[in-house]
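Following: one structure in structure tokens, then a few remarks.
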């Protein structure tokens, strides 16, 4: 049994019931209620729809249904099974390793954060990079231990150490020496102190390994993601999968819904032809200028107050008395909230603009002891007549108000309202010439993307002889009152957000269930379709806008030998889809349509608007773009740039997609990042997505892209800082091992350095807030290595500076100027010499942390002065400031009061020694300017060429490894092929 409010859990056929209307928006995305008719059987053809599917809601009426499918066999079950199937689909095998000799082995051992087979996943790149750093640290630690141990072993045992110079009388009493009668000399023997010495060497090696291993990297990644996820909620992004936050930063394409995402999801009357005059909503020309809504325009259009009052009364009654009682527009603190039919709510909103109290008006026409909410009789909407009517008592007689599709209303009307004389209506016959003018008006509305609706009325002197129920001629001889143009207006922030996407290198494509003309109008209004995307006649150029049926027909292979079947086909005459006989699609072993990749690659680069789009069309578009290798076709890419100003990103597409219905779930799961609508989205869509848009607003997607890029940059900043410390610390440890048989930094000091460069640095650098400038560059792409060219220059440049300064302090401290007394060369723990060395080392890292805040591109360095200022925006991150201040104060305390506990000089350093350490550390800021200057002058590649290096690496693929995706390849086969064929990035 079905009753109002039920959510149907199974599929079935309606076998009994009346007035049943279902809300299938969860499946189709269409908000209109669907009438259901009882199945009559007997094979009779009927346009009635008796099928009820799982996941839909009963909105009106009641009935009984015969269950025909449950569980995984139902519509909702099949969708959920499809999602789980995508979750379990594995990638390609990576067992086919090359055997290219030593260099190949070396490359396989060290990749340094280059892209692996799934280059889009930053986490995998970071795992590889962390392993590589750990391997280097292990090798260096082993080398340091080996050098120190063998040097000590050689000097003490093979050369005898201090024992070699002793005579027999002095040798015997010595604890570490013994007289050898065979050689006639004093030799070195093992003691307990020797074990302690070897253990010290081992601890030093382990300390180097601890410093080298980036255990702070997971903390930095987790912090960056956690901070972003928490703050993204304020931007109406509820992140379900943390890694999707970073992936969104690499997005190159966004496939967006229209309703509620690009638009406000509040149908509004924008234009009206009323009483012989055209009225139009006027949008404010500036952000501070208020819009002139249609109601205000109508109120100010008449010169006579009596005429205005009569017109408003007539129009308000025609609207409010001919709407379903469930259609309401409520005012809340958050704005207007629609209930019921969206089109009726748009007209009710117009009456509110006309300052009419709808509830009082309806109550004044309420009849006592009547089953109706008001009036005498109602004629419900019929899909055959395409109109609905309501009859009320008016004066000494009755008046019928009717509304519906314009063509249906024109055919039932014999006159139209031409004006008012005071409060008296004036009408004119609806002649063919007048009818032509009305049709032209309707056509202009449709060309502007407006949904048209006509309103009429008819007066009766008395109740007809046959009554209201049995009279089939009630809805004839009507007087046409008005024609409305209704649309779901764009969100004010959408055009600017789409322009931001274009600057950021992100293409926006609209996938909507609306008619093609409406979709094109919305696409043009929000900027998805540019002025250059239209021909001279104002129509979209070939391939820029099409229906889902045409797209489906053009990108899938067909079996011309098989019998034709009835399926959805694009009809160019009506520019829409129809069901008729057509060739079957070729299917793969999984039952999926086979994608014609060659045809798809010809289509998708220019496609911007996909109208009458069904969920499977969106799924095909998303999966096809992710597998496309069009960027390897240089000739085609240059042609698209020259002819249409369309730049193909030189890498695989990273696709984000929005969806709200249950049928959108497979597309949400297949995309790199899936956005589900938080307000109108179904639970199935929310389960399949990565991020939930709490406000259903496209601008929030752009903010997610900004946060994603910020996550990547925050992790890169930390890597740049940490790798510099690693290079310097490991280099000095090796030098110290060779020169002094011990590391200049003790284990305790190394641990403090490790805390600075891991825990505190990750906290400081991973909490930077995103800025608008993040959208002024192109996406990084799937194949971009973690360490960019600019990062490499900064790491190498600062490492050279720090190593040079520290070697100066290590080997020639007495040459340091302006110190009185000068520092004596005393390479022992606890000396002033090595205390100054430790302090210089820490302060170099501390000031380099300011340098690591900036990750400029080469273009930015060439064009923007603010990119050279490492202090720009530093006060906007209180966490960074707090970490810097606390670290500096802790360093002062350790040096001045740590003493022998941290192997430093007792009493700390003098003021002049501190001044030298601070000046050397601060000069690292000046050194950054020198590095920037060299980058600008010497590095010829631009920020685009950083991604072009990806393109060059992909071009090195041989034809066999590329394995052109054949025309008869399905989407899933293309996915498997891609995973096996991608090379390592340079």
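Using the three backbone atoms N, Cα and C, a Cβ is placed for every residue, glycine included.
Quantities reported herein were computed from a predicted structural model and do not represent experimental measurements.
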Given ranges 831-850, 951-970, the stretch to which TrEMBL attaches the annotation transmembrane segment: 831-850
Range annotated as transmembrane segment in TrEMBL, from 751-769, 770-788: 751-769
Positions whose Cβ lies under 8 angstroms from the transmembrane segment (133-152), at least six residues beyond its ends: 109-110, 197-198, 201-202, 204-206, 208-209, 211-214, 723, 726, 730, 733-734, 737-738, 741-743
Candidate ranges 718-739, 751-769, 913-935 - greatest C-beta contact count to the transmembrane segment (831-850) (under 8 angstroms): 913-935
Leading contact stretch, 718-739, 751-769, 870-893, 913-935 vs the transmembrane segment (790-811) - CB distance under 8 Å: 718-739
Intrachain residues whose Cβ lies under 8 Å of the transmembrane segment (201-227), provided they are six or more past its termini: 123, 126, 129-130, 133-134, 136-138, 140-142, 144-145, 148-149, 152, 242-243, 245-246, 710-711, 714-715, 718-719, 722, 725-726, 729-730, 733, 737, 742-743, 745-747, 750-751, 753-754, 757-759, 761-763, 765-767
Best-contacting stretch, by C-beta pairs under 8 Å, relative to the transmembrane segment (870-893) and drawn from 718-739, 751-769, 913-935: 751-769
